[in-house]
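Peer 1: As listed in TrEMBL for this protein:
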DOMAIN    338-586  domain 'Peptidase S8/S53'
ACT_SITE  Asp346  active site, charge relay system
ACT_SITE  His390  active site, charge relay system
ACT_SITE  Ser552  active site, charge relay system
Amino acid sequence: MSRRGDTLCEIADVLADMDEKQLEQARTALEKIRHARKEERILYDSSEVDRRTMLLKQLQEGPVVMLGVSNIHGVGVFAVTNLYKGINPFEGVAVEQATDEYEIFTDKDLSTLQPAVRQLCLSFFAPFTSGNGYYSLPEVGEEGLAYPVNATGLNTLDVSWYLNHSEVPNIELIEVAAIGSPLSTSFMRFALTSLLAKVTAIGAAKDDDYTVLSILSGGSMVYVDTIPELLHKVGVEVDGRIATLLSTANIKTLKFAECQIVPTSSGSVSNADLCDYLHGARRHLPDLQVTCGRNIAGEMTQLDDTLHVNDPDAYMQDYLRRMNMGEVWGLIQQYPRREVTVAVIDQGVNFSDPDMAPLRGTFTTSDGKVIDGGWNFQYGNSTLTLGFHHGQRVSRVLAARGNNSAGMVGVAPDHVRLVSLQISGAMSQFLEALDMAIDLGVDVISMSLTYHMNGYSSSEKALLRTALLRAQQRNIVLVSSAGNDNMDAHDCYPCWYGGPSAICVTALNNDANNTLANFSNFGNRVDIAAFGTSIYSGSLVPGVHVWSSGASFATPMVSAGAAILLSLGVQPSRVKSILVSSTDPLQGSNKHIRPRSGALNILSSVQNAIQMYGLRTTNRNLRATS
């Protein structure tokens, strides 16, 4: 077996050695951390100088192992909390040598660690400094420690696959973004600043905290709080618990998605109680169409001169050169264009970022609510928070303003207004965000997220399908991620629902070969592939550049391609067919996507649209200068 495979087996051995009491402690601590994330709604505050303190705030509960792996000039990073609550497992470790940056310790020092911690360390460690048996240990604090590890024999995706396909209850995986340059005395601080996706079910809601339902009769919505009275009228005895819940609960009605969200609890009226009640009501009220399900948790799917722009970081965006975006931008600026509104359903966006500020739009809902920049469905207010900057990064890739002498440049660098619809991953919030996007009349909805719905009922899947259908009926182009699990994407929604205006995106390696990334999902309903490895996504703090991987970052490229076509006047119903029919063939993979599709080619798409619509140039030369 390879060294990589051996490493994963050793991790499994460590976890298998934990007794039931230790595992139960781990489960409890993990729930506390997830609850804290849900309540606090943010992993890191961008205004904090010491990001290590913010990390430790998330780790204090212990005993949860948190792993992250990153390539930083050949060195990886991972962080481990206390395995046993209230105990510092590294207390008493001898220190050979100390510097401002890290402590050096030896094999002998490792012997003082608790057995499970020692084996975990040895599973990952490789010599980091000169001399046999010496390791570096950056100290982060009493509650947890962060380790650099040699990444040569350890692949991020292998660790991700192992942890996400096991049923080990005390693992919470965080991958760490790659950092572009060595940072000497600030090495670990900035490594930990960049803890990024893949965080499974960020702020995930428990299935039982909300019930998502839809009740229709004759094509119109029936409000759930009217059901007890309707049953009473046909002689059915009122269920007091249900009636009380429905009369007192803060029920959210999504009129465009045609569903409602009801707070439920296993301690009073559970999700199962309410759904059983409604399905029972249908027997007495046969005109009703009842769909009722759980609040499913989702995940954010992560892992110069030729461009003729003056954005200082553009030289790091090699994927734009491979996509011939300089030629695309020069071509489209010769034609009349309109502004396109894109909704990004993700974590929040910081519109004080010079690359994002020009994209901020002000919108008004059908009931008169003014939306300035976006809406936070976690808090239920207009204050957008960044989480681990997933929404910020995908938005930059999509539409960072070009030629503003700042930062990077997006694939669609002009004629885009952005609305940030912030969610934590819960299905109820996702449906609320979809409903608002439909209400605002956006042109494109970009969704770098995935719901794995294997094991969920057809009714629960239908709730999401209906909302996505309503969006397409309003001429909205939907673009979503196929996921990063190296599997057939038949279980990955909203991607797999499909539709004439819905585009399912998987990730290509960021090179000239048009090959699918080794983590890419695939299948007959995956519509298109775009670059999704080592995608430059800007800075989180000054001087620290971040590269991101995953279908999450392929998705905004396709969203940008759709926005460019729409800006030229292409009808929404034709966007998908033009993008798919203009692709380049994929090479050298045993994984397949839909027939006659391949790698995104925006230049070919634009050229085909110009020919198809007979577009005529303006008299102005709007091409940007270098």
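The chain as shown is numbered from 1 upward.
For all residues, glycine too, the Cβ spot is worked out from N, Cα and C.
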Peer 1: If you run the three-state DSSP split on His390 (active site, charge relay system), which class comes out?
Peer 2: helix
Peer 1: In angstrom units, rounded to an integer, how far apart are the Cα atoms of His390 (active site, charge relay system) and Asp346 (active site, charge relay system)?
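Peer 2: The separation of the Cα atoms works out to 7 Å.
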Peer 1: Out of Asp346, His390, Ser552, give me whichever of these active-site residues has the highest number of other Cβ atoms within 10 Å.
Peer 2: Ser552
Peer 1: Rounded to a whole number, how many Å is the Cα of Ser552 (active site, charge relay system) away from the Cα of Asp346 (active site, charge relay system)?
Peer 2: 10
